[in-house]
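Down below is the structure, laid out as structure tokens.
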Amino acid sequence: MKDAFQAVGIAVVASWYKIVYNYLIVPISITIVLILLAFVDTGLYAAGIRFPASVLGMLILFLTLIGLSVVSRKSLSKVLKIINVPLDLPLREIGLCFTPAFVTLPLSPPISIAEAFTIGAVFLIGYLFWFAAVSYLILALRLIPFLKSVPERRDEPADQLDEELQPMESHFEVDTSHDPILRTPSPVAEPEIAAGSITNMSMNTAMFSAPSNTLFPPADATPSPAQELAKYLLLYQDAIIWSLFFLVGLIVYAFTGHSLFIDGPINVLAYMAAKQLKSPWNKVLHPILTASALTVFGIFLVSLAASGGNAAEFLPAIRSYRTGRTYNTLVGPQSVPLAGIWPGAGDVLASLLSVSIVSLALPMFNYRAGMRGNTTLLLICTTISAVACFFLYPLISFKVGISSTRALAMAARSATLALALPMLTSLGASEVTGSAVAILSGILGVLIGDKLFKWLRIRDDDYLLRGIVQGINSSAVATADMLTKFPRAGAIASLSFAIYGTQLVILSAIPAISGVVRQMVDLPAAVS
């Protein structure tokens, strides 16, 4: 027992700055961003403009960073260090924010087997057709002299690429910088600005410096039992902290009946566990789907235990997970009185997704260099794809027998979920259907994307074409996979899905355009 207390003390002292940063400073800074988004939402509402504040915030931030990179690199460096605090976590753990869409699937209206198979057929055929169509569209556009892209070159592995294209490390990975037994060399200690890009903006180096390493013995010495235990406490620090949150949540739930503080830890722990799956399992059992399934199972067990074995309490438990009380219903022009309805864990993650949308400006800015000489080609491809998918998917889906709101949701088939959700809201489409097909498009891109390129006889070193096609068809999920293997293709995909998704959001936010699409599926032009 003495060794256990000593181990806890060693672990806390060795990582106090990480705990303070991750669990105090970052949440406060994210809250500030949400308040700023509420002000933006208020301005849009006052002006009579129906447009997601988060998407506008992303565009404003992107243009601001572009301007600063031209005017003052010193100012850019300072701004990046500041905005990295609230935006780094939502960007890197954006997958966690996608899980509520799947956790709430048990609440979706019943669907017939025939309609389910029809949706599946439209989804699969549409994915394969548009994958090939965009590929050959790019090849055709290259025949036009002024659209001929800059020479392609074979991609390099991630460890040989420029720093500016390196993916950011995970919030839910182990910080071992203070233990000589666990420590691995770090090439960069301080964030820098190279060629106007964001480089190695680690959450631990942004504001704190590591304390002197006096708590562990030299690497060649034998650690004491307390030091050995402390090593594992540091190794699983985040999981331990969230497990403690879960225990506290049980107490809060027992006395108040509020499930936020128990569902939240369940969701986060499920996501952390799902991310531990290694290849090839992590492709088949994708972390978003796996975490969602584990969360549903966890909520079911808690509801079963709390109700004395009454399985009928499961659906009410899911409803308390997502009550609809997101940040913009608590503050801003759309705020309404609580009336006893408190936010659930799903509402917190949905609010965090708004910050994630803003944070998409960072990879757009960071990877803009990869599009020099190819901007026109990319914009033509994304614009044609956005307009075609926005109008054709709902029309075709409705004509083959899919219900109106689900047919509308098919317009978001290949948009990244962070941008698909505002679009679905503007259209009055089924959020459940739209979220499901958006995520499944990304997973399909990871599973069969390379095989499709081989069948289409696309060169392995054509990173521009591969990036645009995957960005438009498979969004952020496939892009994240590409960034780990071929960062230059992943860089192009990042810009592609961000621009494509933004174009869809803009189309859906214009009442005259969204009204036409709604009338195509036999719905009133205005969203009720």
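Each residue, glycine too, has its Cβ placed from N, Cα and C.
Note that the structure is a prediction, hence the values are computed from the model and not measured.
Features reported for this protein in TrEMBL:
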type	residues	note
TRANSMEM	20-39	transmembrane segment
TRANSMEM	51-71	transmembrane segment
TRANSMEM	116-139	transmembrane segment
TRANSMEM	239-263	transmembrane segment
TRANSMEM	284-306	transmembrane segment
TRANSMEM	348-365	transmembrane segment
TRANSMEM	377-396	transmembrane segment
TRANSMEM	416-449	transmembrane segment
TRANSMEM	492-513	transmembrane segment
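Listed stretches 20-39, 116-139, 239-263, 284-306, 492-513 were compared with the transmembrane segment (51-71); the greatest number of C-beta pairs under 8 angstroms is found for 492-513. Residues 49-52, 55, 58-59, 360, 363-364, 367-368, 370-371, 374, 378-379, 381-383, 385-387, 389-390, 411-412, 414-416, 418-420, 422-423, 426-427, 463-464, 466-468, 470-472, 474-476, 478-479, 482-483, 525-526 of the same chain sit 6 or more residues outside the transmembrane segment (492-513) yet have a Cβ under 8 Å from a Cβ within it. Among residues of the same chain six or more beyond the transmembrane segment (116-139), those with a C-beta under 8 A of the stretch's C-beta atoms are 377, 381, 384-385, 389, 393, 396-397, 400-402, 406, 410, 413-414, 433, 437, 440-441, 444, 449, 452-453, 456, 458, 464-465, 468-469, 472-473. Long-range neighbours of the transmembrane segment (284-306) within the same chain, counting only residues 6 or more positions beyond its ends whose Cβ lies under 8 Å from a Cβ of the stretch, are 95-96, 98-99, 102-103, 105-106, 253, 259, 262-263, 266-267, 270-271, 273-275, 277, 313-314, 316-318, 321, 439, 443, 446-447, 477.
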